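What TrEMBL annotates here:
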- 4-182: domain 'Guanylate kinase-like' (DOMAIN)
- Gly11, Pro12, Ser13, Gly14, Val15, Gly16, Lys17, Gly18: ATP binding site (BINDING)
Amino acid sequence: MNKGLLFVLSGPSGVGKGTVCKALLKKMPDLIYSVSATTRQPRIGETDGVNYFFKSREQFMQMIEEDQLLEYAEYVGNYYGTPRDFVERTLEEGRDIILEIEVQGALKVKEKFPDGIFIFLLPPSLDELKDRIRGRGTENDHVIDHRMNVAVEEIALMANYDYAVVNDEIDLACERIESIVIAEHCKIEPNE
Ligand SMILES: Nc1ncnc2c1ncn2[C@@H]1O[C@H](COP(=O)(O)OP(=O)(O)OP(=O)(O)O)[C@@H](O)[C@H]1O
Ligand SMILES: Nc1nc2c(ncn2[C@@H]2O[C@H](COP(=O)(O)O)[C@@H](O)[C@H]2O)c(=O)[nH]1
């Protein structure tokens with residue numbers, strides 16, 4: 001059986017990764033979402049095991065020590081990481097998986113999975129990005145400024161990705177990513 005494909009969706013905080021990913025998973029129900037672990041506090045409406053596995057710092061450090069994470073990164077004061085077993089098992093079962101993670105983590109995944117497909121989601125502008133983070137109402141002004149500074153650094157690393165998709169409209173961004181997934185399945189692999 002062929003292994004599944006690993007897709008990584010990155011992009012600055014507030015660009016709409018979560019929103020677009022949710023729409024994509026509705027259109028492509030065979031695509032599996034990798035739920036991350038984090039030390040961040042849950043936001044209103046977030047559920048443990050669905051949005052994230054919410055962990056204490058001690059629990060997260062133990063996951064690192066026990067090599068349970070495929071990658072992890074510290075981002076604006078909290079840790080985030082991808083549980084390894086679930087990703088490896090899903091790919092072995094021949095199913096596609098999508099990781100929605102920030103850039104440092106994505107680059108670590110690329111070292112381990114050079115055949116992964118790396119997609120960078122871009123905002124129409126930095127002003128729009130700030131409006132989206134602010135409009136979500138989940139972060140204070142200090143954290144928003146920090147996330148915006150990190151966003152500029154992240155966009156500078158976009159050349160490490162395979163595809164850039166602008167999230168101007170949710171449906172359009174979703175269709176573009178769906179096209180990438182379909183195209184990757186039609187790729188002719190060079191002879192070994
Ligand atoms: N194309 C779009 N047009 C307008 N608003 C959008 C669009 N996409 C997402 N949004 C809004 O922008 C805000 C941020 O979206 P979302 O939480 O999905 O971003 P994110 O990239 O997952 O953020 P984070 O990395 O911080 O988790 C949300 O309020 C969402 O409704
Ligand atoms: N390196 C990783 N980054 C991750 C992971 N899960 C989520 N993220 C990214 O963190 C920021 C902040 O997320 P938020 O939910 O606090 O807004 C965002 O860019 C996420 O994509 C992960 O497992 N590893």
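Glycine too: its Cβ is placed from the backbone N, Cα and C atoms.
No curator has checked TrEMBL annotations; they are predicted automatically.
The shown structure was predicted, so the numbers you read here are calculated from the model rather than taken from an experiment.
Checking the binding-site residues Gly11, Pro12, Ser13, Val15, Gly16, Gly18 against ligand 2 with a 6 Å cutoff on the Cβ atom leaves Ser13, in sequence order. In sequence order, Leu121, Pro123, Leu129, Arg132, Asn167 are the residues of the same chain, not among Gly11, Pro12, Ser13, Gly14, Val15, Gly16, Lys17, Gly18, whose CB sits within 8 A of the CB centroid for the ATP site.
With every protein chain in view, the residue among the binding-site residues Gly11, Pro12, Gly18 whose Cβ has the most Cβ partners within 10 Å turns out to be Gly11.
Comparing the binding-site residues Ser13, Gly14, Val15, Gly16, Lys17 on other C-beta atoms within 10 angstroms of each C-beta gives the minimum for Lys17. On the 0 to 100 pLDDT scale, the model's mean across the domain 'Guanylate kinase-like' (4-182) is 97.
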